[in-house]
Amino acid sequence: MTSVDCTAYGPELRALAARLPRTPRADLYAFLDAAHTAAASLPGALATALDTFNAEGSEDGHLLLRGLPVEADADLPTTPSSTPAPEDRSLLTMEAMLGLVGRRLGLHTGYRELRSGTVYHDVYPSPGAHHLSSETSETLLEFHTEMAYHRLQPNYVMLACSRADHERTAATLVASVRKALPLLDERTRARLLDRRMPCCVDVAFRGGVDDPGAIAQVKPLYGDADDPFLGYDRELLAPEDPADKEAVAALSKALDEVTEAVYLEPGDLLIVDNFRTTHARTPFSPRWDGKDRWLHRVYIRTDRNGQLSGGERAGDVVAFTPRG
């Protein structure tokens, strides 16, 4: 696991967070502009780790920042039970960390059809949530590359923890294509590389249709044959050709074999390289007592893979266009 202990940087990070507007949702563009300015002053070792990860990625496909400043549990609001967050909600420390770290990496992005087009998402258990939703708790959220079916798929998924689940059993699972690729034979690699396969989309992107079918085309592996990007979704990728099904099954098995579990604690921030990994979450049991697991999520776009065409700003909200 690639991780950075940020405990020693607490005073500096709190000082940087104090420079940010107190109600980020009131003017998110201004908040993220301020975060970009402040991110230039991140502690040297942390800044270097982020810049290196952004430029090169890692074998693990993720970077875990531990020991970031966070409120004491008693000082946090109750875990949310609805979304989106109120516009006047005061800035939480882990939201500030997502602003600083995210602006060091790229541009925070909202997706119009998802979470009312908001950029900052609260992730919490919700009774009766759809099995494909991050709000599930008591069922496995299966492996998926976030929005692999979206032309403007984010480069990074960032998850910051303000409150862990009571039993500390919820694990974020991450599997890296850089680790899985050596487990695939040459024939399987060749079959998967740059081959478009039918893919369904998440509920939010179905336009109110219960089951529109596989409206996107996703390449399971693409780019450099020796260091490819990954497009994988265990629930939504729907190959039809028997040889394609066999190759995807081999990829799925390889990803299972290289899976790492990350147990997020308060003050942890996980950066997932969404072009080289797939991630999941194990079940946990909420108590519905106002103190259940509470993460904050943002999506970051960079200039890789045609995500940016010029003129974009951190805080932009983009519309859905399926990959084809």
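Backbone N, Cα and C define each Cβ position, glycine as well.
Taken from Swiss-Prot, the feature Fe cation binding site applies to His144, Glu146, His279. The 2-oxoglutarate binding site annotation in Swiss-Prot covers Arg293, and the record cites similarity to another entry as its basis.
Features recorded in Swiss-Prot, as mapped to the structure shown.
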residue : record                      : Cβ within 10 Å
His144  : Fe cation binding site      : 19
Glu146  : Fe cation binding site      : 22
His279  : Fe cation binding site      : 26
Arg293  : 2-oxoglutarate binding site : 23
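Note: the Fe cation site is recorded as His144, Glu146, His279; in the same chain, Phe143, Thr145, Ala148, Val157, Asp233, Val272, Asn274, Thr277, Thr278, Ala280 also have Cβ atoms within 8 Å of that site's Cβ centroid. Recorded residues His279 (Fe cation binding site) and Arg293 (2-oxoglutarate binding site) have their alpha carbons 18 Å apart, per Cα-Cα distance.
Following the DSSP three-state reduction, the secondary structure of Arg293 (2-oxoglutarate binding site) is coil. For the recorded site, His144 (Fe cation binding site), the DSSP three-state label reads strand. Here the Cα atom of the residue listed as '2-oxoglutarate binding site' is found 21 Å from that of His144 (Fe cation binding site).
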